[in-house]
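Q: Have a look at the structure that comes next, please.
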Amino acid sequence: MRIIGIETSCDETGIAIYDDEKGLLAHKLYSQVKLHADYGGVVPELASRDHVKKTIPLIKEALKEANLTSQDIDGVAYTAGPGLVGALLVGATIGRSIAYAWGVPAVPVHHMEGHLLAPMLEDNPPPFPFVAVLVSGGHSMMVEVKGIGEYKILGESIDDAAGEAFDKTAKLMGLDYPGGPLLSKLAEKGTPGRFKFPRPMTNVPGLDMSFSGLKTFTANTIAANGDDEQTRADIAYAFEEAVCATLAIKCKRALEQTGMKRIVIAGGVSANRRLRAELEKLAKKIGGEVYYPRTEFCTDNGAMIAYAGMQRLKNGEVADMSVEARPRWPIDQLTPIA
């Protein structure tokens with residue numbers, strides 16, 4: 001079975017073709033970073049218009065890369081949510097339309113389920129069950145995963161997601177868009193221990209998280225200490241340390257609560273090297289294991305959508321003729337796959 005995956009939930013247009021026997025046959029990704037850079041963030045209308053321009057050409061490129069034609073495709077998977085409604089509608093409309101034109105089934109895919117299953121694209125995929133640390137620009141949550149579609153949210157951010165906190169703090173520090181990766185790069189030059197940032201909500205029971213206060217703490221630290229280059233690097237170090245330590249503390253509690261020892265890190269922030277190091281240290285301490293996708297599959301991409309869609313199509317899930325876009329869609333509402 002060969003599935004083409006379409007990802008347009010935010011500011012990346014991702015197209016991929018996945019074969020259940022041969023694996024990934026093609027992977028195309030276009031980022032809109034330059035388009036939104038002048039605005040300091042994603043402009044939804046511009047994102048939607050750019051997806052309209054890029055999706056069909058990328059589909060053609062993916063077919064060419066895989067040396068396939070539309071007649072070789074057995075199904076279409078498209079991101080139906082959560083995300084920006086206009087951007088989602090572009091991918092959903094194109095996905096549903098080409099499925100109809102090609103005479104194959106289509107299936108809507110949950111964006112975060114795609115991220116959660118992205119490590120399955122690797123040579124050493126994680127076996128079920130595990131605790132997933134899903135961290136991106138729009139979501140931060142701890143999820144108990146017993147199988148595909150068997151998700152229980154153990155805790156989530158009550159305000160800013162981790163990736164959002166990185167980007168907002170970077171903007172506060174005068175870094176260009178997208179700021180999260182630039183903040184992490186600046187943190188590499190930081191002095192450990194000069195500043196100590198709080199670990200939000202780690203002094204209370206439960207697994208919910210809060211990261212918005214760290215932005216205020218950063219602003220106050222800059223005001224009190226100046227913003228010369230080394231001070232900025234030291235502040236970036238302390239901020240990143242606080243976010244990663246908080247996630248590690250919450251993950252440890254999630255493992256204790258579930259009795260599990262396997263950790264999956266997924267979503268855009270899963271590319272962060274310090275976060276990976278913190279969770280690897282935790283896993284080593286408890287005799288567990290950590291799994292994460294290669295860097296190119298941490299960001300939004302079509303490969304994870306093609307893979308997740310294949311699992312859904314094999315389970316008999318097929319969309320009707322309507323075009324489905326769900327900007328809000330709790331991951332624990334998905335149907336388990338037997």
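Every residue, even glycine, has its Cβ placed from backbone N, Cα and C.
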Q: Which one of D234, D300, D320 goes with H111, H115 at the Fe cation site, as Swiss-Prot has it?
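A: The candidate from D234, D300, D320 that Swiss-Prot ties to Fe cation along with H111, H115 is D300.
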Q: Looking at substrate binding as recorded in Swiss-Prot, which candidate out of N67, N225, N272 goes with L134, V135, S136, G137, G138, D167, G180?
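A: Answer, per Swiss-Prot (substrate site with L134, V135, S136, G137, G138, D167, G180), from N67, N225, N272: N272.
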Q: Relative to the Cα of G180 (substrate binding site), which of the binding-site residues H111, H115, D300 has the closest Cα?
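A: In terms of Cα distance, G180 (substrate binding site) lies closest to D300.
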Q: If I take the alpha carbons of D167 (substrate binding site) and D300 (Fe cation binding site), what is the distance between them in whole Å?
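A: About 16 Å separate the Cα atoms of these two residues.
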Q: Cβ within 8 Å of the Fe cation site centroid (H111, H115, D300 excluded): which residues?
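A: Same chain, not in H111, H115, D300, Cβ within 8 Å: E7, S9, T79, G83, M112, G114, S136, G267, N301, M304, I305.
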Q: Would you measure the largest Cα separation among L134, V135, S136, G137, G138, D167, G180, N272 for the substrate site and round it to whole Å?
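A: Between the outermost Cα atoms of L134, V135, S136, G137, G138, D167, G180, N272, the distance is 17 Å.
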